[in-house]
Amino acid sequence: MSGIVEWYRDLIDNRQDPRTEGWFLVSSPGPTLTIVATYIYFCVSAGPRYMKDKKPYDLKNTMIIYNFIQILLSLYLVHEGLLAEESRKDDGVYRNHVRNLKRFRSITDFNLSEIEKHIWKMTKGDISNDQMARAVYTYFICKLIELLDTVFFVMRKKDRQISFLHLYHHSMMPICAWIGIKFFAGGHPTLLGVINSFIHVFMYTYYMLAAFGPHMQKYLWWKRHLTTMQIVQFIIIFFHNLQMLFTSCNFPKPLSFLLMLNSGLFIYMFGSFYVNNYVKSKNRRSETTKKSKTNGVVCIAANGSISVNGNSIFDEINNGKSD
């Protein structure tokens, strides 16, 4: 037991990125894990019990503003990620890192061997500048803010949308982002954040438009492509980390393997979601419509929705994200 504690203390105290030392919520995993645990408890237990005998909250305006802010944050992260990468190439990563170490830790006697040992023996190409570190930190904070996605589901009594995939995705992202800002605030893992933020621009644009109400549904035909983009994202991340297992780069291979494992799980879950909601569901709708036409009980409402025996066969978009 003492060996585990000693290993943990060495990991947390001696192997962190010096640029982010002392930053809010970064020093220890405790605050982030507490936030995630509280989030899960509220969304699975406390929230639904609180809302049981209450009417759903009307959060239309709140969600429009929230989604618009998320769009701006995602655009900012994509911009900063690309800009920081260009700055890293232009300025020279190694020189930047030496300067950053001196600035943040007031160390003037660092020699080459000490720098090369720093941050889990990462290579020079894996260490980026202050701008990237700030962008990674903003990404981490954004992953915590995005927990509100599920809180809004609970407050609107959309419990059916709180799937295992949704909870797992929203719970894991802050934890992964914390690992990034704690140990690797730049370099190899940042591709994940740039791609994820790029996709979130489209995702939160969709959610913002959907929040205006059902009349926007005709403009949201591209909903299924959001899931496709998510799947492509995790395929890229999977192979981005796979290649690390066969190169001489000193980025920790166990961490690359864990990122691959997590990406593979996301590919499977998002793939299953796509098949169930857009492939099998389409076939079921076609069969139901054919049978209903034969029985003569298809009702086309004024808003264009199709009902069979009084039950809508299409998902409803109500003040935001569709079921």
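Just so you know, glycine gets a Cβ as well, placed from its N, Cα and C.
Note: TrEMBL annotation is automatic and uncurated.
Feature list (source: TrEMBL):
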TRANSMEM  23-42  transmembrane segment
TRANSMEM  63-79  transmembrane segment
TRANSMEM  136-155  transmembrane segment
TRANSMEM  167-185  transmembrane segment
TRANSMEM  191-213  transmembrane segment
TRANSMEM  225-243  transmembrane segment
TRANSMEM  255-275  transmembrane segment
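Within the chain, the transmembrane segment (191-213) has long-range Cβ neighbours (under 8 A, six or more residues past its boundaries) at 60, 63-64, 67-68, 70-71, 73-75, 77-78, 81-82, 135-136, 139, 142, 173, 176-177, 180, 219-220, 222-223, 226, 229-230, 233, 236-237, 240, 259, 317, 319-322. Long-range contacts of the transmembrane segment (255-275) within the same chain, counting only residues at least 6 positions beyond its ends with a Cβ under 8 Å from a Cβ of the stretch, are 163-165, 168-169, 172, 176, 179, 189, 192, 224, 227-228, 230-231, 234-235, 237-238, 241-242, 244-245. Counted over residue pairs 6 or more apart, the CB atoms of the transmembrane segment (136-155) and the transmembrane segment (225-243) come under 8 Å in fewer than three pairs, which marks the two as apart. Same-chain neighbours of the transmembrane segment (167-185): 15-17, 19-20, 23, 25-26, 29, 32-33, 35-36, 39-40, 43-44, 119-120, 122, 126, 128, 132-133, 136-137, 139-140, 143-144, 146-147, 149-150, 192-193, 196, 251, 255, 259, 262, 266, 269, counting only residues six or more beyond its ends whose CB sits under 8 Å from a CB of the stretch.
Residues 135, 138-139, 142, 145-146, 148, 152, 193-194, 197-198, 200-201, 204-205, 207-208, 211-212, 319-320 of the same chain lie 6 or more positions beyond the ends of the transmembrane segment (63-79) yet place their CB under 8 Å from a CB of it.
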